[in-house]
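**Student:** Once you've had a glance at the structure underneath, I'll fire off some questions.
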Amino acid sequence: FPAMPLSNLFANAVLRAQHLYLLAAETYKEFERSYIPEEQRHSNKNSQSAFCYSETIPAPTGKDDAQQKSDMELLRFSLVLVQSWLNPVQFLSRVFTNSLVFGTSDRVFEKLRDLEEGIQALMRELEDGSHRGPQILKPTYEKFDINLRNEDALLKNYGLLSCFKKDLHKVETYLKLMKCRRFGESNCSI
């Protein structure tokens, strides 16, 4: 990220987060359609959604909760969420070798890295250059399972995709909220 106005840094980070979230949501739907029987789908009201590792992070869970946090806190939560996916996402291309949706899966890792760099650039700007090194959360999510003939592996991947989608939605929401707070745009729909 070259030196640029803070508003541009936020705009770029929001766009990257939106793009990744849409890609995650599309992939989740494609995976569900292709591999998960109707009665086992999370979208069914009676089924239990996957437990996401990110639920153990003390990140805000709703918009009201997020509005109580400082921009720096929201950036830290966003960074932790993004970093928790850097390792597992590298296995996505093996899981979705023949998927049209994930034809760009090799680029998901790069897109996540770009978003990570964007968040770190925002943190440096807001901390006036006193940015501490990134803290990579351990443990992160497990790797995706490349065995798609095994029902347990399918359900594990399905759960991971669900968490990936949820976490990217959180990051997108936090970034939009900060951008709206700082620049008071009239079209601030979160």
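Even glycines carry a Cβ here, placed using N, Cα and C.
According to Swiss-Prot:
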BINDING   His19, Glu172  Zn(2+) binding site
DISULFID  Cys52-Cys163  disulfide bond
DISULFID  Cys180-Cys188  disulfide bond
**Student:** So among the disulfide-bonded residues Cys52, Cys163, Cys180, who's got the most Cβ atoms within 10 Å?
**Tutor:** Cys163
**Student:** In whole Å, note down how far the CA of Cys163 (disulfide bond) lies from the CA of His19 (Zn(2+) binding site).
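**Tutor:** Between the alpha carbons of His19 (Zn(2+) binding site) and Cys163 (disulfide bond) there are 16 Å.
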**Student:** Which residue among the binding-site residues His19, Glu172 has the fewest other Cβ atoms within 10 Å of its Cβ, if you could check?
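**Tutor:** Candidates: the binding-site residues His19, Glu172. Fewest Cβ atoms within 10 Å: His19.
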**Student:** Would you identify the secondary structure of Cys180 (disulfide bond) according to DSSP, in three states?
**Tutor:** helix
**Student:** According to DSSP, does Cys52 (disulfide bond) sit in a helix, a strand, or coil?
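**Tutor:** The three-state answer is coil.
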**Student:** Cα-Cα, whole number of Å: Cys52 (disulfide bond) versus Glu172 (Zn(2+) binding site)?
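**Tutor:** Just about 17 Å between their Cα atoms.
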